[in-house]
Structure formats: structure tokens, C-alpha cells
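A.B. asks: The domain 'MIP18 family-like' annotation in TrEMBL covers 7-78. Here TrEMBL flags Gly120, Lys121, Gly122, Gly123, Val124, Gly125, Lys126, Ser127 as ATP binding site.
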Amino acid sequence: MAAITESAVRDALATVNDPEIKRPITDLGMVDTVGIDGGNVLVRILLTVSGCPLKATLTNDVTEAVSGLDGVSDVRVDLGVMSEEQRKELQETLRGGKSEREIPFARPDSLTKVFAIASGKGGVGKSSVTVNLALAMAEQGLSVGIVDADIYGHSVPDMLGVGDTRPTQVEDMIMPVPVNGLKVISIGMLKPRKDQVVAWRGPMLDRALVQMLSDVYWGDLDALLLDLPPGTGDVAISLGQHLANAEVIVVTTPQQAAASVAERAGTMASMMHQRVVGVVENMSYLEHPTNPGERIDVFGTGGAAQVASTLSERFGYDVPVLAQVPLDPKLREGGDNGTPIVLSDPGSVAAQELTRVAKTLGGRSRGLAGMQLGLSPASGL
Ligand SMILES: Nc1ncnc2c1ncn2[C@@H]1O[C@H](COP(=O)(O)OP(=O)(O)OP(=O)(O)O)[C@@H](O)[C@H]1O
């Protein structure tokens, strides 16, 4: 039998991706040494940080890749930690040689579609829509990230079951938390303590938003979804200034009072020169418990249609109603237990409506049509 060579082991290691950064560990400077003694292979891997939450995954992946080589009888993985110098080099590699911060999605050649999920009122289901849309897009094979910028109710991590996860940091670069094929970062993860109340004013919020967009290593994303705070506040303005190319999805309930406030959120987006791509009506109706097919209009009717027609008229382009998502206790339960409804009950009407939206929006190629340029907000809310 031919002897095992170091280059064969390194080729095998090149098939192992870092679970957070999603690039080969050989490209990231994480393979320190390879020792070979007969059929025994010892690989020393350098973690980015000592408390790396995914070291077990990495150890398994390395063991599996090297065990597959001819002649290997035993693989041992020894874990070390990168020095400050090595982490700086890694950061340079990830930034592609650029040292200054920039928002990759704001570059004119960015291929990532950015969707901001906005609402007028709180509690209408904006975060539920965000996580389910993101998961449905990921199910279609897209690489999807979520920025949870909802300072008042940063509920996205809990809805995905990663409420207590802290992101790994490499120098001043933050790794998004990987979950169910998504990459997630939340304003809640940037606070020193989870239970700390965010009482930030405009400039702090702006810094936090920029940090989540530029200091997080997103890699190549097909779509980035931003869960905005309800209303027309500082975060929406900052987003408009930094990412005028974001497309906005307005979430409302059928209630007339909610619809009027939702129109304002849509108008705000347009003032920031962003395009509103449609309205999702959530909590549209409740399926009658004993009489299938009959709908109970818990919150009235017509809210999304009203928002869509007002915005279409105001902007001079078609703003469609993208979906009507019914009230469904399974949607609430899915959010509470970290398994959103598109995963826990994909056949439900709620999951299918959201999957349809994901297909409509995720399938379109990003173009410049309808994109407006310029940054200064006008008045008229
Ligand atoms: N269609 C639905 N059926 C049943 N429960 C729902 C539905 N949509 C949302 N909910 C529940 O309503 C609550 C509020 O939803 P969610 O947090 O998504 O709203 P939000 O608009 O993001 O709120 P916030 O303003 O706090 O950010 C959650 O408990 C969620 O599980």
C-alpha cells in the first residue's frame, strides 16, 4: 500500500469547511500541522477563538475527511487557538485584502437581494414573516442571511432556537450564527447582556446597523432579510441611507387602523428611495374550527388591499398583495419553540403562503429597474 502523504491529507482537509465561515479550513490558515506515522494521522487545527461553539462539528468533519483516505487507520485531531497575528491574517483574508469597513451589499456590483421587512404597528407578525420567508428561500437552495434590527423586539434568534448563542468574533469581525441553513445576526447579540434594554439614540442605532452589515462576515449571500423595528424611526432612516437598493416588504393585519400606519411605513421607504415590492397580510383570518373552508375575520378584512392600492397610487407602480397568511396557533408555537412553521408544518396554508412569497421574491433576479438613486428624505409622511 502506498504511504500516506501530507499533501493527500491536506487535499482531504481542503474539503472541510469551517462551519461558521463556510470556507475551506485550508484557505483560512486553520490547519497548523499534519503528522503521519504509518496509518496514524495527527492533525492540529487552529480555532479562531478558544470557546468556538462548533469545535465538535469541526473535529468530526476533519476526522471523517481524513479517515476516507486509503491506508488511514486512525485520525486524531488536536485543537489549538490562533494567535492574534494569525487572526489578523484571517480577517484580512476574509475582507479580501481590504482593510477598511464597507457594506458589501451597497456595492453596485453586489448580487445579493436585500429585503427589509417593515410594519407600521408592532406585533403584527413582522419577525415571524421574516424568519419563515428566509427559511423558505433557503429551502429553495438560496444562501440567506437575516439581520434582526428590531431594537424593541429582537425576537428572531428565539424564533430560530438560537436565543442564547453569542456570535464568534475574530478581531473586530463577527461571524453570523449558522442555523437551519441561515446566517443570523441580531441587535440583541451585540449587547453585553441579553436582558439589557436598548435605549440607543439615532447615532448609536446607525452604528449598530452598520456594524451588522459591514463587520459581520456574510460571505456570498443570495438574499439578506432585515427585520426592522415597527414604525418609521431611526433604523428605517439609517437603512435607507446605507442601503437604498433594499426592497421593502410591508407587513400588516387586515385591520383598518393597522393598515393606515403600515401605509406610513411604506411611504417612508419610498422617501428613502427604496422600492416597496409588496404587502403581506398576516393574521388575515382564522379557519373555522368545525366548518372547514369558512373563515372567521378576527381582525376585519381588507387591510393589505388598502395598503397596496394606496401605495400603488402614491408611487405610480404596482405594489401587490403578496400573501394572506391566516392565524394559526402552529405558527405561534413554531416561533416559541424555535422551529418556524415552514419547517414544522410545511403543508399548512400559512407555510405555503409564505413559501409562495419566497419563491416570487427569491426567484426574481435583482435588477436596476425601479431602483431609485439619491439619499435625501423628502417630507410627506
Ligand atoms: N399568523 C399568525 N398566527 C398565529 N400567531 C401569530 C401569527 N403571526 C404572528 N403570530 C404570533 O404573534 C406574536 C407577534 O409576532 P411577531 O413577533 O412576529 O410580530 P412582530 O411584528 O415582529 O412584533 P414586534 O413588533 O415585537 O417586532 C408572536 O407570538 C407570533 O408567534
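Every residue gets a Cβ built from N, Cα and C, even glycine.
On a predicted model such as this, the values are computed, not experimentally measured, just so you know.
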A.B. asks: Around ligand 1, within a Cβ distance of under 6 Å, which of the binding-site residues Gly120, Lys121, Val124 show up?
C.D. replies: Val124
A.B. asks: Residues other than Gly120, Lys121, Gly122, Gly123, Val124, Gly125, Lys126, Ser127 within 8 Å, Cβ to Cβ centroid, of the ATP site?
C.D. replies: Ser119, Pro230, Val251, Asn282
A.B. asks: Using DSSP, how many residues of the domain 'MIP18 family-like' (7-78) fall into helix, strand and coil, respectively?
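C.D. replies: In the domain 'MIP18 family-like' (7-78), the DSSP-based counts are 20 helix, 22 strand, 30 coil.
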A.B. asks: Using a 10 Å cut-off on Cβ-Cβ distances across all protein chains shown, tell me which of the binding-site residues (Lys121, Lys126) has the largest neighbour count.
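C.D. replies: Result of the Cβ crowding comparison: Lys126.
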A.B. asks: When DSSP states are folded down to helix, strand and coil, where does Lys126 (ATP binding site) land?
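C.D. replies: Assignment for Lys126 (ATP binding site) reads helix.
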A.B. asks: For Lys121 (ATP binding site), what is the secondary structure by DSSP, using just helix, strand and coil?
C.D. replies: coil
A.B. asks: Averaged over the whole of the domain 'MIP18 family-like' (7-78), what is the pLDDT?
C.D. replies: 90
A.B. asks: Please give me the CB contact count at 10 A for Gly122 (ATP binding site), counting all chains in the structure.
C.D. replies: 14
